Amino acid sequence: MRALVPMVVAATALASPAPALKPRLDDGLARTPQMGWNTYNQYNCFPNESIVHENAQALVDTGLADLGYRYVTIDCGWGVEDRLPNGTITWNPELFPQGFPAMGQYLHDLGLLFGVYGDSGILLCGSPPNITGSLYYEDIDARTFAEWGADSLKYDNCYSDAATNYPNVNYAPSTSPHPRFANMSRYIQAQDRDILFQVCEWGIDFPALWAPEIGHSWRIGNDIIPHWRSIFRTLNQAVPQTDFAGPGQWPDLDMLLVGLDGVLTVPEEQTHFSLWSILKSPLTIGAAIPGMRAESLEILSNADVIAFNQDALGVSAALRRRWSDEGYEVWSGPLEGGRTIAAVINWRDEDREITLDLPDIGLQYAETLQNVWADETVNGVKTSYSSVVEAHGVMLVQLAETVEEGVYPADVFAATNRDVTTFSDVYAITSSPNFVLNITLTEVTAAATNITIITDSSRRPISTSIPAGSSSISTSVSLIAGSNNTITIRNAPPLSSITLSPPEPTYYTGAQDFTLTSPAGAYTCPDAYCLPAGSKIVDLSTESAATAHINSSTSGSKYLEIDYINNEVAFDSSWGWGANSRNLTIKVNDNNPVRLEVPLSGRHSELFGPGLGWWDSGRLGVLTDGWIKGTNELVLSNEGGEGGFTKYAPDVVGIAVYD
């Protein structure tokens, strides 16, 4: 075991080395995520001219176009099997009697943009009936799309693997799809027209590492399906990709389900739209706009949520904490102007009050908090904010004029009565006597000053002295995990603030500090992988466990940060219950285990990358109960995995214990 530098945010990602991304082409496109409408979710591979005209006009009539939804894309089903004698691709004249150039002009006359759809294989997705793809015809097709007046190209991945005789789908091709997409990108960029290029190869070969060089967005995973469960699956796949987002390069979580009849409830639609927005996914409506229910149209038209997506800073929100047993999780990220956006998802099937502890998103105080869907604005939020969140709903909050985590200005958090100053709403991530308290005075002391410090959990007051000529002093204090601690300071000169730092954690390496039961084993990774330890526990399951004996200075609840590895990507299983997650249980002594369903962590290709993505660490934190002073037994396993979760737990690199 060894000491580990404390983490500032409650949960972060550990990234194994990845090749540096080259700058996106400076073509001025997609400086913020693209927005629009696509035929597929509502009409599948059966679009026609009147469908596109009606929905395009509805974009304008409803005001959606003015809000930014401008790319109108005709997805699969628009073409024919044979090319023209000159080799050019063409549209189905029965479905689009006026033709695609006329369609482009129609959309442009409405102030919209024309999105076309192609495929990097020999046929388009949705065949049969067979519709020709662009493989081996990239040059002529790129020129044709430009001549039609296209403003964007969604480029798909069906019928593309030559080595296996061009099957409809191959999630494990023998070669990367990268060269095929790069080839079309090169020809698109050669046109005398700006065309936004959307890479749609379903997350195969971890496109976040190569797609930003050739396209403006890339699909992070398989198609979204018309079920609530697909939201969890998609978010789990997004976790290791959020930091790849930026102007001109956006992870695409796939089209929106909002507005599709009978698919999602209103709270579910709010959750879906909120998370796609703050993760900086392109926002592409997939439902029919004419006749859409008012609640769905209102969600898609929410100017605040759209603004979060289109924020000029261009930084995605990231997963901060996940409470699997309690059924909720927190995502957050920065916005322009020093603001913060946060989303708390209620995965349970019931309405309930949920509390957001601001330190979980790196904050201690917000002068203003806007609860978007509750239509509520609160001033002076200290440490925590609670609100009722509907079943499968989301608490989406924007925080402004904030103070960073661990900093407690006296004029906000303290009350003074004569020579006694008490700070309330003090947050502790863990129960420990080893928090570092720094007290800052309003001015330098003229003489040495003796003060007394009392906390809720300390058995005796702490007496210390502020030296003459000093304006601050530090000492260790004891706090209890939670957001309701108080710190009382007696006999102190006027105070400016206090600052609290968590205890320095002790790190326990999975492969070295744990005793393993078969079939679990230890695996040593190459240099600079399986961070921070360079090794990991593998094959933890419902039938095996890893046990460590850990000394604790106090009893109570302890915060742990778990460095895990999971790259079990849900490709075929995405159509069913595949969730891109693995289940881990953490048991302290004889207490009930805490369950943590971890997302993907892989940041390299699952087909060709180092370790196939199984050397890339992620990190999530959990609060565990039942610790005693002295020696504790900590057991990692997958208890209950046979009851609907995956059999195997994630690989475990190690655990940091905050004591």
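Every residue gets a Cβ built from N, Cα and C, even glycine.
Candidates considered were C158, C200; the recorded disulfide partner of C125 in Swiss-Prot is C158. In this structure the C-alpha atoms belonging to N438 (N-linked glycosylation site) and D205 (substrate binding site) are separated by 48 Å. Under the three-state DSSP scheme, N484 (N-linked glycosylation site) falls in the strand class.
The substrate site is defined by E201, W202, G203, I204, D205, and by the 8 Å test on Cβ atoms against their centroid, the other residues of the chain that qualify are N157, Y171, P177, F206, P207, R219, G221.
Here the CA atom of W202 (substrate binding site) lies 7 Å from the CA atom of D223 (active site, proton donor). When secondary structure is read from DSSP and collapsed to three states, N583 (N-linked glycosylation site) falls in the strand class. The most densely surrounded of the glycosylation sites N438, N484, N551, N583, judged by C-beta neighbours within 10 angstroms, is N583. The CA atom of N86 (N-linked glycosylation site) is located 25 Å away from the CA atom of N48 (N-linked glycosylation site).
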